[in-house]
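Structure first, commentary second.
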Amino acid sequence: SEIRDLVDPATEQEAERQHELSHKRAVEAMSRITSMNNSNSKMRRHVNIRRCIETFGRHNTDEKARRKEREERRVKKAEQDAKRAAATPVKVTTTKVVVETTPAKLTEADYERHAAAAGISVTKFKRKFERGDVELGPDGQPVVFSKKELKKLRKVEEKADETPSKSDAEGKKKRKHEDAEEATPKKEKKQKKKRQSLGA
């Protein structure tokens, strides 16, 4: 934009004339746009707006119309995201299922009977039952999960949560490490250390 001298009256009059002209064009463009709003096709309206801009020139009123359209699109997208979020099922972990399937309260006699059936002490059975490490089967017999089984289940869950690329990379590293161990058994390593310590 040109820097105009405000002291010069001729330059000031020219600037006012240019401003009035651009304002007149903008008013004409807006009147044409509002008359087009009644048209059925949205695409046709966009084409007409483009034509209007080409003939009358760009003005800040076009920017306002674009802002309004952008806001409408944002609102529609937010609604769609909310619908998708409501439609997606909630992931249920296995431990929660175990807790839900087991009865909430057992009497002391039940604890003693189930502990005897599981082959563990009553206090141990209570602790495991509260943690969810013991599940009652359909026939009422307690099924006790060992620590190893619980660790395996946790590892399976963690691997499912991880990305496949990371798990592949870790698997390769582990394999290399295991191969190295097989190549040189522990006894050989110990003998090497002894030789080095004796030699030094």
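Cβ coordinates are placed from backbone N, Cα and C, and glycine is handled just like the others.
Residues or ranges marked as region 'Disordered' in TrEMBL: 1-25, 59-91, 132-200. Annotated compositional bias 'Basic and acidic residues' per TrEMBL: 14-25, 59-84, 155-186, in sequence order. What TrEMBL lists as compositional bias 'Basic residues' is 187-200.
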Q. Who are the chain neighbours of the compositional bias 'Basic and acidic residues' (59-84) in space, where the CB to CB distance is under 8 Å and they lie at least 6 residues beyond its ends?
A. 22, 25-26, 29-30, 33, 49, 53
Q: Please spell out the DSSP helix, strand and coil residue counts for the compositional bias 'Basic and acidic residues' (59-84).
A: 25 helix, 0 strand, 1 coil
Q. In the compositional bias 'Basic and acidic residues' (14-25), how many residues does DSSP put in helix, strand and coil?
A. 12 helix, 0 strand, 0 coil
